[in-house]
Amino acid sequence: MGRHDEERLLLEGRLIEPEGSLYTGDGSVDIKGRPVLKSNTGNWRACPFILGNECCERLAYYGISTNLVSYLTKKLHEGNAVAARNVTTWQGTCYLTPLIGAVLADAYWGRYWTIATFSTIYFIGMCTLTLSASVPSLKPIECVGAACPPATTSQYAFFFSGLYLIALGTGGIKPCVSSFGADQFDDTDPKERVTKGSFFNWFYFSINIGALISSSLIVWIQDNKGWGLGFGIPALFMGVAIISFFLGSPLYRFQKPGGSPVTRMCQVLVASFRKWSLPVPIDSSLLYETPDKVSEIKGSRKILHTDELKFLDKAAVLSPTENTSGNYSNRWRLCTVTQVEELKILIRMFPIWATGIVFAAVYAQMSTMFVEQGMMMDTTVGSFTIPAASLSTFDVISVIFWVPVYDRILVPIARKFTNQGRGFTELQRMGIGLFLSILCMSAAALVEIRRLDVARSLGLIDQNTPVPISILWQIPQYFLLGAAEVFTFIGQLEFFYDQSPDAMRSLCSALSLLTTSLGNYLSSLILTVVTAITTRGGHLGWIPDNLNQGHLDRFFWLLAGLSFLNMVVYIFCAKLYKSKAAS
């Protein structure tokens, strides 16, 4: 075989390279569409630019989200419940829009150009937000005593337009950047495949370095030097993120878009419905598949047939007409086994995916109820005043602590007992995180019980003032949440990348992020329902504007109970799950 023939097969993803080959064997190409050499592209040499991009982008995001509830209550003069709902709704949208970016990346643009385009939209949103906090006519006037004039419609519109441009920009970055980083490791090379597991750990580590700077320095600037500067610095870092991403372009490995995954799934459903009356052959080798070594889907390997969800196999059954005519090209009537298995994989992952929603609702409390709880505690430590939102620094410190401990200590120890290359399976890792989330909510409830006891003993129930109990009592709940993140969120990143079909990795990453979106919406729903039920008959409810008169502890116990039930369901689903089998 000539060199030109080998390059053509590499571009088509049809040549599986042996270990030690000069070229990658997963069909990846360089920015000009040529086969890539392992020696000077991808792997860890390309990752600093991707990790630097993610660090700066997350610094920008958390520079807004960490203290957003404080801005809404102090500057836009919203109530506690309204501000919390606005924050969780916006955060939910930030994790819903990745579905848009994922489809564009997998079907048309590829991950690189999707990240580049949506990063620009993100930067425009950051600049809009900075202007809304800096220009006097774009923000409400300050409170005069107890009188706090609400923001005008135009002020609200300008502020929230910037906020939701950021949400849209997030939609193109989040589902692609982790997958794009993992694309730098060749799945057909055993050494690079193992190394990829560490990438996800350090990817999440870089996220939290950005979050650490935001939750400490940026929050302090916002509270002490002004919101215009506090929003402007994250906007600057977003610009740095874009530059970092483009600088690595010559070193990246690119996967070609494989066509619309949504269309392929619809084709399977339509074809199986059309052939509903045809029996599925007992011998699965009689189902239709292309004769080539790899799938006809660009950038995808073949997936072996599984015996589950047999009704979908009807889409790959050859009808007498097709056998006679030899025409197998209409995918709305006949699908390949790989195409059918793509849909099966998504259906099998659904129960695991759904259990992540309650965990995300717990995580949402860090930027809402944990902050509001902290604002009603003593925030002074010696002569220094700690902004309540800055306590999330301990969540970040927890993550920064646990990532290297997990990667360098726990994984090698676990390997000796599990014989797993990565120590724990992704499912085991996520299960541990769900258990830790129960402990987190329990710790928050115990702190609130103590805070209310102090308020009663000092006669502060009717006064909307902080209670003299140190905000440092919140550290355990933040630290537990950080540990839960390392196990659950990173486990999700690995699970949805490794188990997803090759040509659906951005979509599956977006589905992983969708759990965060739905978790925020669930948090908003729970807040709304709890407020509606507990304020009946003229009662103040669990979460009044004066938390000293409320029962925020009961809200935390409610989430702890939901987390326990969720973990039980997860364990059941994880035992039934069957992993993807690639050919």
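Quick reminder: no glycine exception, Cβ is built from N, Cα and C everywhere.
What TrEMBL records for 199-221, 227-247, 345-364, 384-406, 427-447, 478-497, 509-535, 555-577 is transmembrane segment.
Same-chain residues lying 6 or more positions outside the transmembrane segment (427-447) and placing a CB less than 8 Å from one of its CB atoms are 352, 355-356, 359, 362-363, 365, 369-370, 373, 418, 473-474, 476-477, 480-481, 483-492, 494-495, 553-554, 556-557, 559-560, 563-564, 566-567, 570-571, 574, 577. Recorded stretches compared: 199-221, 227-247, 384-406, 478-497, 555-577; the one with the most Cβ pairs under 8 Å to the transmembrane segment (345-364) is 555-577. The highest tally of CB pairs under 8 A with the transmembrane segment (199-221), across 227-247, 384-406, 509-535, is held by 384-406. Below 8 angstroms of C-beta separation, residues 81, 84-85, 88-89, 91-96, 98-99, 101-102, 174-176, 178-179, 346, 349, 353-354, 356-365, 368, 492-493, 495-497, 500, 541-543, 551, 555, 558-559 of the same chain, each at least six residues beyond the ends of the transmembrane segment (509-535), sit close to that stretch.
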